[in-house]
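In what follows, a single structure is set out as structure tokens and then discussed.
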Amino acid sequence: MHPQELAKFIDHTALTAEKTAQDIIKLCDEAIENQFWSVCINPCYIPLAKEKLAATNVKICTVIGFPLGANLTSVKAFEAQESIKAGAQEIDMVINVGWIKSGEWDKVRSDIQAVLQACNGTLLKVILETCLLTPDEIVKACEICRDLKVGFVKTSTGFNKDGATVEDVALMRQTVGDKLGVKASGGIRDTETAMAMINAGATRIGASAGIAIIKGLQDNSGGY
């Protein structure tokens, strides 16, 4: 795959707590230069990214209920709404893993549905945190997302014990078919890993190592 083609798969990501305004400006500059699909940033930096990315094709993606997914549903929905007002064009929300583990699937569905309604047509990705789920739970969560017609299912926050695996991406793709996108994220730091995820069915890659990925290099910084 040509580097420019691979770049269009990448949400260029900076989500750790210590990121400064200068870090976000650098992220945006890199995204413009390398023609990444989007920058994925915390909500407080949306206005800054909007200013930096005006008149470019780079989209602004933000995270909701991040990284635990355990916020009140009303808060998640409000955060999504406010983020979109501020300029977010894609929303990555964290599913409520505790409710999945409790078997409270109706609550899981309602939580996603509320954020989806708040998005009002803005692309919604649902982060499953696959490293905490059984294969059956991954399938069930994907089925709910498919039935609700969200935009994407996403593997991971990158803030837990493990990130994306080829097996989980393949299972997610198998469950949602061609109806939804699949985003692989967490621990993807080189071209080989990114291509393995794409070959397994990923249509988006979330990574802080986007430049290393498209240049065929290894990023050993240990980031998202």
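Glycine too: its Cβ is placed from the backbone N, Cα and C atoms.
Note that the coordinates shown come from a computational prediction; the quantities given were computed from them, not determined experimentally.
According to Swiss-Prot, the features are:
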- Asp92: active site, proton donor/acceptor (ACT_SITE)
- Lys154: active site, schiff-base intermediate with acetaldehyde (ACT_SITE)
- Lys183: active site, proton donor/acceptor (ACT_SITE)
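Spatially close to Lys183 (active site, proton donor/acceptor) yet at least six residues away along the chain are Asp11, Asp92, Lys125, Phe152, Val153, Lys154, Thr155, Ala202, Thr203, Arg204, Ile205, Gly206, judged by Cβ distances under 8 angstroms. Packing around Asp92 (active site, proton donor/acceptor) is summarised by its Cβ count: 28 other Cβ atoms lie within 10 angstroms of its Cβ, all protein chains included.
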